[in-house]
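Novice: Sharing a structure here in structure tokens format.
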Amino acid sequence: MDNQSLNADILILEGLKVTPRSSIAAFIFLLLMYIFIMVANIGLVVLIFMERSLHQPMYLLFCNMSVNEVFGATIVVPHILRDLFVSDSERYIHYIVCVVQAFCVNLYGGVCHTILMTMTFDRYMAICNPLRYTIIMTNWMVVKLSVAAWAVVFVMVSILLSLTIRLSRCRRFIDNAHCDNASLFKLSCEDVVINHAFGLSYSVLLLGSSIGSVTLTYIKIATVCLRSKTKTINSKALQTCATHFTLYIILMFSAFIIIILHRFPHLSDHRKMVSTVGEVALPALNAVIYGLQIKEIRQKIVAFFQRKGHLQ
């Protein structure tokens, strides 16, 4: 269908470039990963809330991560699954739906960082100020940290998208598998210097705060562990911090790869593939790493399946 015959509010998504033969394999892979993300992350949230022994700030803050992973995957994966079997010229999406999806995608990415920053603060208090930990990390503090992790990004992304939707559109083609802010403002023929400037400032602020807080915190934790001669403290610190740091490195690596690839239009196919894999790999890895690495959660999972086995 010719672009001129399309309604101005109807956009076309390029989608993933896969052959008809490989589209079935891609569909099965993404579907299985999506099911695993939903079951694993929702299961972890339910387990943490059901087991009173897991009602600790670290695990309650992690519930934020699981909820965010379910949210991020649900925004993107079902849409990509549908488009795998739709021809290139028929991958339509309404502009309003595209804006909502872009908002949610950017919200998901930002909240990943702010949640990990709140978890960093929790680890800092637990290891560097153990005597004051229970006084400071109350349920009310957990609620405040959780709300702040979402609210700050919500406001920043709202400004980001409001600067984009004010632009007029002279194009209808989204060069991506899903909508995001960068893809949306590329639809305009107007001057987008303000969008680039705010987007860059937002990225620098978010990533700079994230890298700075995590780096300083881990330096402080490492100093405390080196000075301490208690093996129990060092072992506990190493276990929880290694899990958190692994998640952080994976997140930062994927974020930088996508940001860099956005600057090279000729690598759009690679960017779409990396972005799509990130949308399913990161949520799955988070559940696996936390579910299997942290001893308390691993023990509860094993005990749960053992009870199920005895009942049968």
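Note that the numbers count up from 1, one per residue, in the order the chain is shown.
Using N, Cα and C of the backbone, Cβ positions are placed for all residues, glycine too.
Feature list, courtesy of TrEMBL:
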DOMAIN    40-290  domain 'G-protein coupled receptors family 1 profile'
TRANSMEM  24-49  transmembrane segment
TRANSMEM  61-81  transmembrane segment
TRANSMEM  93-121  transmembrane segment
TRANSMEM  142-165  transmembrane segment
TRANSMEM  200-219  transmembrane segment
TRANSMEM  240-261  transmembrane segment
TRANSMEM  273-292  transmembrane segment
Novice: Six or more residues out from either end of the transmembrane segment (93-121), which same-chain residues have a Cβ under 8 Å from its Cβ atoms?
Specialist: 8-13, 58, 61-62, 64-65, 68, 71-72, 75-76, 79, 145-146, 148-150, 152-154, 156-158, 160-161, 164-165, 169, 174, 178-181, 183-184, 206-207, 209-210, 213-214, 217-218, 244, 247-248, 251, 255, 282
Novice: Please compute the mean pLDDT of the model over the domain 'G-protein coupled receptors family 1 profile' (40-290).
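Specialist: Mean model confidence (pLDDT) across the domain 'G-protein coupled receptors family 1 profile' (40-290) is 83.
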